[in-house]
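Participant: Once you've had a glance at the structure underneath, I'll fire off some questions.
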Amino acid sequence: MSGKICRLLVLFFLLPNIILAESGEKLWLRYLPLDNAKVVDYTNAIRSLVVAGDDAVISAAAEEIQMAFNGLTGNDLRNVNRPGAGALLIGTPENRLIRDLELSSELEKCGEEGYIIRTFPVRNGQMTVIAANTSAGVLYGTFDLIRRMQTGESISKLEVNESPAFKIRVLNHWDNLNGTVERGYAGHSIWFNRPEDWSVRSAQYKYYARANASVGINGTVINNVNADPNVLTAEYIEKYARIADIFRPYNMKIYMSVNFASPAVIGGLENSDPFNPAVQQWWKDKAAEIYQSIPDFGGFLVKANSEGQPGPMDYGRTHKDGANMMAKALQPHNGIVMWRAFVYEPGDDERSVQAYNEFMPFDGEFEDNVIVQVKNGPVDFMPRESFSPLFGGMQKSPVMIEFQITQEYLGHSNHLAYLSTMWKEVLDAETFAKGVGSSVAKTTDGTLFNHELTAISAVSNIGRDINWTGHHFGQSNWYAFGRLAWDYDLLSEDIAEEWVKMTFVHDQKFVEPVVDIMMRSREAVVNYMNPLGLHHIMGWDHHFGPEPWTDIPGAREDWLPRYYHNASEFGIGFDRTTNGSNLVSQYHSPLNKIYNDPLLVPENLLLWFHHLPWNYRLQNGLKLWDAMVYKYYEGVEEARLFQNRWDRLEGYIDDRRFKEIQYKLKLQTTEAIWWRDACVLYFQTYSNLPIPAELERPVHDLDELKELKFDMKHHN
Ligand code: BDP
């Protein structure tokens, strides 16, 4: 064979890999060509586009469908003025073409951001219509249609009615003005302290806005809740305004985390006391200044009197006083205040009961544009907690949930943990606030307590890594949050399947095992880190590796793992019963009784609510010690299974992403074994009981693990 032919052959075999190598930067909006049968179906249904409207949002929708259709089918949609066979008509009743369809009674049910998609018979065929009351609805409807094509669904007979469960659906970035990201594991901030030109950044912000709009996220708080007062200076307001301009066509509002002490720190006032008229005026002026540059600014997110942040209590005032003062400043501009209830101070009360104790007295006393933002659990973002009793507890003031997408306590961006299952567990949890049927979701979406203002948020996992989220599967959590914020009745499995098809390939031989891995992944992490309701066993500062032994003389007791697992020769677990910290009493009946009784409490929250002896018998007949050890081992077996399964999927997707994920899954198994061995060996020093004989022996010894520094800051 001549050298030339040889080189050509080598090129030929390399080519597919070169072409297909993907970085993950396109997220789930790849718009790559579909197989021929689908292309034929879709071009039969749609060949031209009629845009009934001309504002920036409808134009963004039109641009998106053009781009998607071209990418997916290889054909352009012809822009035409009149609907007919093969047309896709998008618009609002402001336009006669939509009014003529007489959809008003159906549109009424869509609300502000919902939409309908319909197939209408017309002469010589049929046309497809996306109609909504606002152009925002049209945009969301357009992304719905695109998703159907991306996942290979039929679009020839559509009858879709959609409206979002929550009015405000926001991401919270914990990005600092110096470009670092608190609890971020995907590189530096995409917002602050960036060296690149605006053209590069703005292109990325547009992509970000499209991705969010594609799942219905309509707002974002781009700076850390531990807020730098300087974010309120003219320099940053100007930066926010430029970003807001890019978001606007995608119906995304920008919000800001603010520091309660700003009037004193950057305003030169004597104090930041909410009762000081000069302070009140300062916030009013500041709000007016912001709205001057950003007319659709969303509002403020505030972390006050929490973990050292300033707040109204510094002046003997209350959360209510602080929140209402800011709310009044924003009212003339229709802005809102998201006031966080993540509070805990050293004192007599145990941490899990504090938020409820601190906020319940103000139920019903907040201004109408205040919403209380509550983490899903009463302590922090543990792999599993009971839901916060403020859901269903606070009834007169609106409450919103805060989830965490970034995996602060779930293996950072090293571990695959699909979190939709966790969020559904919380959203679906029964609070019994108004009897059966009072799920956490319903206590926050306005249905149960009739609130106008409804919202949901989650702490983002996005950074400057090429694939946005560090771990390719981290993208699935961003995606799933948006989908659930729109419709919490969706099944985690279906969301996973959509995402896998859009992000990778349609081949069921790939999709099925991957969805299965995703569906099992969160429980696997719970098992090798914190089974049976254990929590806070990680290193106290980095929150990454296992450190059940950590004991720092002089450190706050409730920062240390030993305080939470409370292991001793007598047993393990945190007593939150009526004999203990009494968290149980903050729940409605019958949950208070169920949680109070070790025989009734769900097994996965056993040690969250109870301190029990090592030889306590579980319902399944196992001794507590054995049950716990089995769980740790089960977690590791699951991680191994994920790794083996993935290894067998080589060739289905591009090599680059395949190998990057393969590497992470290997790391996950290694780290799962650390967790298992560290916890089992350490707790064994108290239980004095053997590891069941049929289980493999620990790979590490305890001293070696204690020496290992689990501080994984270099993953940052
Ligand atoms: C904790 C995080 C800390 C955050 C805090 C919060 O470790 O970095 O600032 O939550 O939510 O879990 O305010």
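Just so you know, glycine gets a Cβ as well, placed from its N, Cα and C.
So TrEMBL says this about it:
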- 27-145: domain 'Alpha glucuronidase N-terminal' (DOMAIN)
- 149-468: domain 'Glycosyl hydrolase family 67 catalytic' (DOMAIN)
- Glu307: active site, proton donor (ACT_SITE)
- Asp380: active site, proton acceptor (ACT_SITE)
- Glu408: active site, proton acceptor (ACT_SITE)
- 469-694: domain 'Glycosyl hydrolase family 67 C-terminal' (DOMAIN)
Participant: Whole-number Å distance between the CA of Asp380 (active site, proton acceptor) and the CA of Glu408 (active site, proton acceptor)?
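Facilitator: Spelling it out, the Cα of Asp380 (active site, proton acceptor) and the Cα of Glu408 (active site, proton acceptor) are 10 Å apart.
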Participant: Among the active-site residues Glu307, Asp380, Glu408, point out the residue whose Cβ has the most other Cβ atoms within 10 Å, with all shown protein chains included in the count.
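Facilitator: The largest 10 Å Cβ neighbour count belongs to Glu408.
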Participant: How many Å lie between the Cα of Glu408 (active site, proton acceptor) and the Cα of Glu307 (active site, proton donor)?
Facilitator: 17
Participant: Please list the DSSP helix, strand and coil residue counts for the domain 'Alpha glucuronidase N-terminal' (27-145).
Facilitator: 48 helix, 27 strand, 44 coil
Participant: Please average pLDDT over the domain 'Glycosyl hydrolase family 67 C-terminal' (469-694) for the predicted structure.
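Facilitator: The predicted confidence over the domain 'Glycosyl hydrolase family 67 C-terminal' (469-694), as a mean pLDDT, is 97.
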